[in-house]
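Noted in TrEMBL for the protein shown:
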type: ACT_SITE; residues: Asp75; note: active site
type: ACT_SITE; residues: Asp278; note: active site
type: DOMAIN; residues: 57-405; note: domain 'Peptidase A1'
type: SIGNAL; residues: 1-29; note: signal peptide
Amino acid sequence: MAPPPAGLVLVALLALVLALALAPAPARGDKPARGGASSSIAAVFPLYGDVYPHGLYYVAMNIGNPPKPYFLDVDSGSDLTWLQCDAPCRSCNEVPHPLYRPTKSKLVPCVHRLCASLHNGLTGKHRCDSPHEQCDYVIKYADQGSSTGVLINDSFALRLTNGSVARPSVAFGCGYDQQVRSGDLSSPTDGVLGLGTGSVSLLSQLKQRGVTKNVVGHCLSLRGGGFLFFGDDLVPYQRATWTPMARSAFRNYYSPGSASLYFGDRSLGVRLAKVVFDSGSSFTYFAAKPYQALVTALKDGLSRTLEEEPDTSLPLCWKGQEPFKSVLDVRKEFKSLVLNFASGKKTLMEIPPENYLIVTENGNACLGILNGSEIGLKDLSIIGDITMQDHMVIYDNEKGKIGWIRAPCDRAPKFGSSSSSALL
């Protein structure tokens, strides 16, 4: 998960938290889950947040018994779901809800296969000195932050599209020591929802327990909010653009492999060698050469009505003759980008200006594609939230492919056998 730039440090806004409606907790009279993962069943959740100014999309999940709500940052770029918790807490941020409090009976032993999967994914090494030892971990992030914790088990309450409720017990992290950048003393979320491809991810565990298929998708609205789903009930298989996953290349990331870059209908003569989709990254990051080629093309193609303007939000911004009110005001001044993925056939992702620009509070238009080499990504390129807005993006681990299709992400999906057609 790539961090937001320094100008977009996240803060917990009390007014925002109070205004957001929580997903309802299941009642005692709810029907038990049925059907199993072989059926076309999904669990659907509303999303909150935006790319700018808040810098993330998050979901409210009900965890524990009785279930309590927690806000989790939706992150397809990591495996482990974790909460800040009182175990006791050694160093925690201010979070929207009371800290989760585990009990010793919830601890996952070090010898458990999920502990081995977690350790191998983080460090490539797994060692247990005693069969009774707990499963400790340390997660390090690209912004030099970290989370230290212990793996535990507890139930997640999931309302399914067939009207039933599942309460599977799944393993997740209890983070009791958070080391963050200076000034990041509060957080708009209680933790992270890890949706990567590893065995310890929530998605893989739901598949293992027969709740949903190993398919996850999200629809991030340009206007803020959207929805997240587990399972394949909402997937428009016939109409979406699909490309095979190249998952063997980069840990447990969702990767379509490499792509060539076009500006309008003109090739920029560069390739993005390693591309990953990461909903935990607010912005998109290109490797150094593609980034420089894009910036040169943008500057060469701009009209004289736009001038470069310093802005604390992002490195490269422009002002118009009057302040812009939204990205829709400025998109006519810019061309669309196109990624052509090398999947053996023509697989294109069009990126219109509203999927790579933001308009700041100062009324400037800023480039939401950043130089990944400046944060140590080297030749890795990340497709972040800004580029995935107003698309349904699907990670189908059952069939080993990634799909996307333009969709009205601020419309709630309708459940049933025709869900995907009703949505799109």
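Each Cβ is built from the backbone N, Cα and C atoms, and glycine gets one as well.
If you take the Cα of Asp278 (active site) and the Cα of Asp75 (active site), they are about 7 angstrom apart, rounded to a whole number. Per-residue confidence over the domain 'Peptidase A1' (57-405) averages 93 (mean pLDDT, predicted model). All chains included, 24 other C-beta atoms sit within 10 angstroms of the C-beta of Asp278 (active site).
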